[in-house]
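Feature annotations, reproduced from TrEMBL:
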| type | residues | note |
| --- | --- | --- |
| DOMAIN | 93-504 | domain 'Amino acid transporter transmembrane' |
| TRANSMEM | 113-137 | transmembrane segment |
| TRANSMEM | 172-195 | transmembrane segment |
| TRANSMEM | 242-263 | transmembrane segment |
| TRANSMEM | 283-301 | transmembrane segment |
| TRANSMEM | 332-353 | transmembrane segment |
| TRANSMEM | 373-397 | transmembrane segment |
| TRANSMEM | 418-439 | transmembrane segment |
| TRANSMEM | 445-467 | transmembrane segment |
| TRANSMEM | 479-504 | transmembrane segment |
Amino acid sequence: MYNMDERPETELVSIPVTPRMSTPERSPRIVVAASKSTTTCTPTSLISPRFLSPIGTPMKRVLINMKGYLEEVGHLTKLNPQDAWLPITESRNGNAYYAAFHNLNAGIGFQALLLPVSFAFLGWSWGIISLTIAYFWQLYTLWILVQLHEAVPGKRYNRYVELAQAAFGERLGVWLALFPTVYLSAGTGTALILMGGETMKLFFQIVCGPICTSNPLSTVEWYLVFTSLCIVLSQLPNLNSIAGLSLIGAITAITYCTMVWLLSVSQTRPPTISYHLLPTPSFTASVFSAMNALGIIAFAFRGHNLALEIQATMPSTFKHPAHVPMWRGAKVAYILIAACLFPIAIGGFWAYGNQMPAGGMLNALYGFHRNDISRGLLGTTFLLVVINCLSSFQIYSMPVFDSFEAGYTSRTNRPCSIWVRCGFRVLCGFISFFIGVALPFLSSLAGLLGGLTLPVTFAYPCFMWVLIRKPPKYSFNWYFNWILGWLGVAFSVAFSIGGIWSMVTNGLKLKFFKPS
């Protein structure tokens, strides 16, 4: 038998080589070996059109399908089993429509009715300029949050605090993000109870008229009625389950915002109307009033603490990432938000000038035109506000519910039962009620909320982009985000001081118009 080990060296050299295989650049093995020093070789990198070219069609089809499978597997997110028990991530069947509904419900609300109050302290020019800058600034930071939701392959940041921890570190991220996001959710819930309860009271007075004057409910009792309705609706289990409520909230918000400014500009303006800035006793007081007014504008864009949570309700794969439907829905939502906020701010200030009451557009409409507008039309407007407040309370309370349930499930290692979940939501609702009873002043609360939570919307996303995406140092992108972030922090401090000053000078009391 012929021994291969005894073959002469010349026989090995004389093995014929085809011209195709003798060309180094056409050999897949040589290409892979040459690229090892520059690129990482992955299972899917070998399955390329050049590699598949000499292989028959059936095998080629099999390997291409395998490549797609490997890409999907490589993109699979490492899910936390606890997420399946929590209300934000319990259901992941959201879509672009749900994103639009939730963003509209979170982005439009009672805070739009307070925008003309800020114009009374800023005037025409600075009011419009400030509102325009705030709108485009927050739209940019919303885009950042949507992009950073899956900044690391295989990892989804389902909550704002999780993204802050990834950017700033475990401990610092919690300190920086937990307080403003919880404060924003709880503070917004409190403000919604104040607005909803007072609006229910005015709606009852409009519908009943003079025949319901005996033993009417007090304002605090109306707060309690509104809180009870909120608690009943809050029993829906997760964020996707309230998509219908968000749709109702979005429709009612767009409708009443349009009705309020149209009804205001169509009526005769007050005879003592003026567009000069409201007089203040000193220069310091005027500065603090302007800061509080800017805080009200900042509070008008308060939905960023929910952006990651909304995106977390959507499925995400390598070919269909969640940021695509999320951004599509957010763009539609914020076009409609702009179509509501700018007319109500400009039209409201044009209709009432510096006669605008501290309670905002609803109080101005009721105080100046309750005898000029039919009771049916006026009552419908107020009822729409109540429905929108009920819907907005659900989406803003969901992060608080999620935090309570996360603490429970991490300690017990089991999901919340129906009774435990119900108890948490009742507790959250009544905490907001008691805060509202203790602090019944809406316009000052809006300025303080806008100041304390401004970094969540305007500052932190810029810092997160630099720390996670790491743009080239000293590039335009690097400078731009650092400057925006520190400006947001500075404005937060200034607006918070203005909000505190306004609360103190207003005597911690919001004056509403009373019917004659």
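Even glycines carry a Cβ here, placed using N, Cα and C.
Note that the structure is predicted; figures quoted are calculated from it, not measured.
Spatially, the transmembrane segment (418-439) is adjacent to the transmembrane segment (172-195); three or more Cβ-Cβ distances between them are under 8 Å for residues at least 6 apart in sequence.
Listed stretches 113-137, 172-195, 283-301, 332-353, 373-397 were compared with the transmembrane segment (242-263); the greatest number of C-beta pairs under 8 angstroms is found for 373-397. Remark: the transmembrane segment (172-195) contacts the transmembrane segment (373-397), by the rule of 3 or more CB pairs under 8 A. If one looks beyond the transmembrane segment (373-397) by at least 6 residues along the same chain, the residues whose Cβ comes under 8 Å of a Cβ in the stretch are 102, 105-106, 108-110, 113, 184-185, 188-189, 192-193, 195-196, 199-200, 202-203, 206-207, 209, 226, 229-230, 233-234, 236, 239, 242, 245-246, 248-249, 252-253, 255-256, 259-260, 263, 267, 306, 362, 365-366, 425, 428-429, 432.
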